[in-house]
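Visitor: Quick one: the structure is below, questions incoming.
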Amino acid sequence: MHSTSDNILSAVRIEKGFPGTKALDKVDFQLRRGEVHALLGENGAGKSTLIKCLTGAYRRDGGSILLDGTEIDPRDTFDAQRLGIGTVYQEVNLLPNLTVAENLFLGRQPRRFGMIDAREMNRMARELLAEYELDLDVTRDLAGYSVAIQQVVAIARAVDLSGKVLILDEPTASLDAHEVAMLFRIVRRLKARGLGIIFITHFLEQVYEISDRTTVLRNGQLVGTRETTDLDRRDLITMMIGRELADEIHTNHPSAGDGQLRYRFRNYGRRGHIDPFDLDVRAGEVVGIAGLLGSGRTETAEVLFGANRADSGTAEIDGRAVDLSSPRAAIRQKFGFCPEDRKTAGIVGDLSVRENIVLALQARRGWTRPISRTEQNRLADHYIRALDIRTADREKPIKLLSGGNQQKAILARWLATEPEFLILDEPTRGIDVGAHAEIVRLIESLREKGLSLIVISSEIEELVAYSTRVVVLRDRAHVAELDGERITAHNIVEAIAAANEGGAS
Amino acid sequence: MTATVKTYFGRLLPQLIALAVIVVAISMVFPGFLNLQIQNGRLYGSLIDILNRGAPVVLLAIGMTVVIATKGIDLSVGAVMAICGAVAAALITSGHSLAETLLATLAVGILCGVWNGILVAILDIQPIIATLVLMVAGRGIAQLITEGAILTFNHPGLIFIGSGSFAGLPMPIVIWLVFGVLIALLVRQTALGMLIEAIGINRQASTLAGVLTPVLLIAAYVLSGLCAAFAGIIAAADIRGADANNAGLWLELDAILAVVVGGTSLLGGRFSIAASVLGAIIIQAINTGILLSGFPPEFNLIIKAAIIVFILVLQSPRFRTAFTFVRLPRAAGKPTEREAK
Amino acid sequence: AELVVGFSQIGSESGWRAAETTLTKQQAEQRGVDLKFADAQQKQENQIKAIRSFIAQGVNAILLAPVVATGWDEVLQEAKDAEIPVILLDRTVDASDDLYLTAVTSDLVHEGNVAGKWLVDTVAGKDCNVVELQGTTGSSPAIDRKKGFEEALAGHDNLKIVRSQTGDFTRTKGKEVMESFLKAENGGKNICALYAHNDDMAVGAIQAIKEAGLKPGTDILVVSIDAVPDIFQAMAAGEANATVELTPNMAGPAFDALDAYLKDGKEPPKWIQTESKLYTQADDPMKVYEEKKGLGY
Amino acid sequence: MKQKYLPLTATILIFVLSYALCVMQFPNMLSTRVIGNLLTDNAFLGIAAVGMTFVILSGGIDLSVGAVIAFTGVFLAVVLEQGGLHPLVAFALALAITTAFGALMGAIIHYLEMPAFIVTLAGMFLARGMAFVLSIDSIPIKHPFYATLKGFYYKLPGGGRITLIGGLMLLVFGVGILIAHRTRFGTNVYALGGGAATAKLMGVPVARTTIGIYALSGLLAGLAGIVFSLYTSAGYSLAAVGVELDAITAVVIGGTLLTGGSGFVAGTLVGILIQGLIQTYITFDGTLSSWWTKILIGLLLFAFILLQKGIIRLSRVERQHA
Ligand SMILES: Nc1ncnc2c1ncn2[C@@H]1O[C@H](COP(=O)(O)OP(=O)(O)OP(=O)(O)O)[C@@H](O)[C@H]1O
Ligand SMILES: Nc1ncnc2c1ncn2[C@@H]1O[C@H](COP(=O)(O)OP(=O)(O)OP(=O)(O)O)[C@@H](O)[C@H]1O
Ligand SMILES: [Mg+2]
Ligand SMILES: [Mg+2]
């Protein structure tokens, strides 16, 4: 075995409690020089909490941390950065109101005569991003760029900060295959330079592709650390969820719905957001939407739901023209929408899990007809159980839940309204394997109940699994549609690529 | 049931303690403080004075709480008080009946609220600036009505609202008690409270969940306007005249202070009307205590600042964490911190 | 050519102030003066700005009702350099007296003194505890009226000021503070007289006294300053005892002096003092009330 | 042009337009006197507003500035007239006190996690209270050094002057712009305004920055107090009431968002000038009663905000259709 001196970072018996939760229970963790170490576990297992304790974002309750054999005690993330630990935290944690360059060099801007040398900083920023094949206007505010680009910027920043250790908490959640490949190239290069890299993800393929060792947490406790190559997929899942997963996503996609045609959108669109498109959705049908990052998938969803009012075209339900100009109007037509950006558009952070779940239902009923507390409790408990939302109790503020569990609570919010047309934008992003399978099953059971669903996902395998039809987007326009037997991962990729070659729109 | 009562009082505990401390402190400096007697058929004493004098700020704080819960702020309440007092006085002196006067005055308050609400909810102007417009212009409007003088009236009905009594309690107390209970019931027995909190915490997410955000936002400012109208009527009735120049001057700050002392965050979200009412009473108790203490007036502000800082430090999250989790001194990290955006 | 006169008024914080503004406008109209009015919203900096704009506009003269005595040297010097005469209204300033033409004011200390003398004479040697409602802390009327009153009481050991607190010149605060005075002084039984720095506070305090079950004017003597209409009603009802007049017509004498100066180059005296007349219940208060009612108080 | 300069450009545009309108009605308003006055008369407000800009950019607010200005004035008057110190020493002392006062408020805001609104409100009570305790009387300052300082000015053709304090305000704005955009501290201020939790995760020294921000605001409020005392040659405890609201208004009119993170120090200067213009216009008009003055100020404020919104929205739409 390796001697301890090989460990660049080791954490011993780390403890961390939150009111009502023991998030970390005497967790040990070792990171070697020059290894990629996957940190796995279900939603709420304590992965992010462990990271935050290591980097001083949280004060740990107990345990010690050694960097290069000497004990360290980072008081805040600034300390950790100085020690050579660069981190990408879960959810993009950059400042939207600063420029790209400022985000990259915050706190270490180059200076001349005590003043920031903006020209030099921008030059350095362009140089740094060039490694990531990004050619951005670095003097623009970060808010102007898509989530994916922001994620890459966050990674670039962390990598640049990491002299010894790089920590990546679900960095690939909003990246597509191309960008993931690029990230992995960089990770391998850093690894070769002798850095220790901690990598958190819910994509098991990526674990096998990049990691040398794997540590699994469950309910705040260490389950074990293994060499990744010694670990087969089934064992890994069992380690994570503590039981065998009945069946992973099956690949035989459902037959095209033969339900009646219910929703007809003609020439529907909004200038500057999404080009006018036609779309028909049947009862009992799942329409998957595929496309590269920034292709306009989210915009399509927002226009359908009235979050952005359509400025052209018509919408019909069962042959009757309807008004979908606002979320309320859409909800009146029994629409539901789980947005992609759950932090800003999904959760209402300070409200409890219960209140978050009943929110849409209550809004639809109007304020004069309050849902009784008993009924609220019943609904909340029902969905907490049905979707396996991990929370100490239903009164916990939702912002204190782990990311994946927040996602499930938002889903519950819409299910509680008993929708007939449900739009899910990246419903499985950041969700663990167990829950992932559950959500896929849920989508299927909803379809079987006769709902119409629109599902946006960057995971093509997943789309293939549950879609009865797949729409492919590019440059904010609908460019192709696949159905029946033609829905295969290969065909979707082809369609995106073909469209790509199709030239300017 | 008892559990709910317990959590309810648990929420109010810091305010109740602060109030108790202040009352004890004053009664040590001024022994007659706790005396209560019946005089002219109504309760009489310093404690009653606090509840009575606190009426305008209590009423303003009720409306302000709801506005602040939506992540807004209403700086115009003082000016709206002045407008409504002026309107009431002008109407009653020009021979309108009491009922007409009151209805018209409340309508004016509501109108002011609608104006603020539209600026905030529809025109999307930042609340502080949106309400600053009416704060500045409103006092002008009030003065326009009274022409800068104190508009005195002698209508016994209107005066009764300011200095009459009902069941032994001065009318202002009766009004804020009834109004406060009604509003608290309204927001908590319907879904209003939760929806308002949702808007205050995350307006975008709430809108996407189908909450009728603009209407509720406007409603919050309307409530605030209505409260200011009540406060304005009481203030005018109390002195039997509308003093457009001074009625409600700087009271918006007291009302905001009351809400914060009541533990509602200025960042919006969770609110408690009862706690804000207690906050307003705490502030009035401080004011009355200062008056009774007999210190020269130069010291008024310093004493007030010191007491407020003291109460707020007691309530500050840091202090409370240190207090309740003595075992885990630095445990909580900063999970409660919310993104500014 | 028509005379253009700028008038920098403090604001509109009280009925008295409104009356002064009204009377100034009336006086200007009667004399065919084009009055440029600027309300400073209680802020000295706004008054300075206003005067500077008047100078920039090239007015013929400036009337200034200064919010505070200090801080005028520079801007008055500028007016002087521009050869624009400045007349001060209702308060004088702490600057060399060649910077302004004249000041038409009452004597604030004297007002307090008149009120105090009246009280000394009225109680005629009996023991008397006095409570005082001060004006806005730091304002010169509050400071001077307190000073004058205390001077009048000096040497009369039977009179003692037992409580003194600010009522901000407003009715509401006057009433609130009086309530606490009553509580603090044994339900008011220890109080024999109230001295208020203005009538508005007195009117508020009178209501507090009545609500405490005492008779203002009898159980507690009430003396105040300003002589606004409402106090005469109270006097007529026997609820107030005396008030010292501060005339709002400062502009009349000011315009007279200005006319004389501009026409004949006649330098007026540096201080035109207005009368501080004492009114008591014996002066037919209702008649005075009727006279004053229409003046925009 | 970049999106983020829109509010600033809109504000400048509005200022120029309205000045032109004013001049059309009152040609005298074009005189250098009026322009010089605009700088001199608003010097103290402008300096305080620079500090307020930093505070607001960081997502906070400082209600104490008016009271701090009054306190500084009274303090200077007392030590100069009774203590016999040289004004420069007194200035240094005053600045040290107000800076420490600001830093203390910043520390309370950060370490006790209390909202800035309330901490600085208490600060406002405290500062004004201290001014009362020092002296309730207004005290004239007769020190010859004050006269010397006032003697420094640059005469413009047409009778206008750029006074020392007017120039000082421009200088403070210049330095403020440099600090905001060319120092790490400045970027950290924007970072805090963009999201305190995120900024913390990114390694921004939140404690140091927060304390620094309020200390800076205290320092500039102190400087504004010195300027005010030069302006009036006196110390008065009731001076500068409500200046904090004027400063906040100037900052917001200047295009800075009260939620923090977005805006420009230069915008605040335009905000100050717009407010000054409103005042000047009203005095030039000279027919408004006290109450109409207030109503008009309110309405003009509203009109400016609406115009600003309109311009920004229009150009956004155009961009999208381009
Ligand atoms: N600030 C907090 N306050 C209270 N509880 C918290 C807080 N942060 C996390 N928790 C709780 O701690 C547990 C671990 O959360 P953590 O975020 O570490 O999970 P995770 O493994 O990163 O999950 P995911 O895969 O969903 O990101 C969860 O039960 C969560 O509810
Ligand atoms: N806030 C914003 N400001 C400017 N441009 C934006 C903003 N949000 C998205 N965009 C741009 O709009 C385009 C469409 O974005 P959209 O979010 O619809 O893409 P998507 O296909 O859903 O991709 P993703 O997988 O990132 O959600 C992209 O080019 C994106 O960069
Ligand atoms: Mg996590
Ligand atoms: Mg998307």
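Glycine is treated like the rest: Cβ placed from N, Cα and C.
So TrEMBL says this about it:
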TRANSMEM  B:12-30  transmembrane segment
TRANSMEM  B:50-70  transmembrane segment
TRANSMEM  B:77-96  transmembrane segment
TRANSMEM  B:102-123  transmembrane segment
TRANSMEM  B:128-146  transmembrane segment
TRANSMEM  B:158-187  transmembrane segment
TRANSMEM  B:208-235  transmembrane segment
TRANSMEM  B:247-267  transmembrane segment
TRANSMEM  B:274-295  transmembrane segment
TRANSMEM  B:301-319  transmembrane segment
Visitor: Between the transmembrane segment (B:102-123) and the stretches B:12-30, B:50-70, B:77-96, B:301-319, work out which stretch tops the count of Cβ pairs under 8 Å.
Guide: B:77-96
Visitor: Grab the same-chain neighbours of the transmembrane segment (B:301-319) for me: Cβ-Cβ under 8 Å, and only residues 6 or more beyond its ends, written as numbers and ranges.
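Guide: That would be 14, 17-18, 22, 257, 260-261, 263, 282, 286-287, 290, 293, 295, 336.
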Visitor: What else in the chain is close to the transmembrane segment (B:77-96), if you only count residues 6 or more beyond its ends and a Cβ gap under 8 Å?
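Guide: Apart from its flanks, the transmembrane segment (B:77-96) reaches 56, 60, 63-64, 102, 104-106, 108-109, 112-113, 134-139, 141-143, 145-146, 151-153, 155, 158, 224-225, 227-229, 231-233, 235-237, 241-245, 247-252, 255.
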Visitor: For the transmembrane segment (B:274-295), find every same-chain residue at least 6 residues outside the stretch whose CB is under 8 Å from a CB in it, and list them.
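Guide: Apart from its flanks, the transmembrane segment (B:274-295) reaches 8, 11-12, 15-16, 18-19, 22-23, 25-26, 29-30, 33, 46, 49-51, 53-54, 57-58, 60-62, 64-65, 176, 180, 184, 254-255, 257-264, 303-304, 307-308, 311.
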Visitor: So which residues does the transmembrane segment (B:128-146) touch in its own chain, when a touch means Cβ under 8 Å and the partner is 6 or more beyond its ends?
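Guide: Residues packing against the transmembrane segment (B:128-146) from afar: 73-76, 78-80, 82-83, 85-87, 89-90, 112, 115-116, 119-120, 221, 242-245, 247, 252.
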Visitor: Cβ under 8 Å to the transmembrane segment (B:50-70), counting only same-chain residues 6 or more beyond its ends: which ones?
Guide: 77-78, 81, 127, 170, 172-173, 175-176, 179-180, 183, 187, 196-197, 199-200, 216-217, 220-221, 223-228, 230-231, 234-235, 248, 251-252, 254-256, 258-259, 262, 264-266, 268-273, 276-277, 279-281, 283-285, 287-288
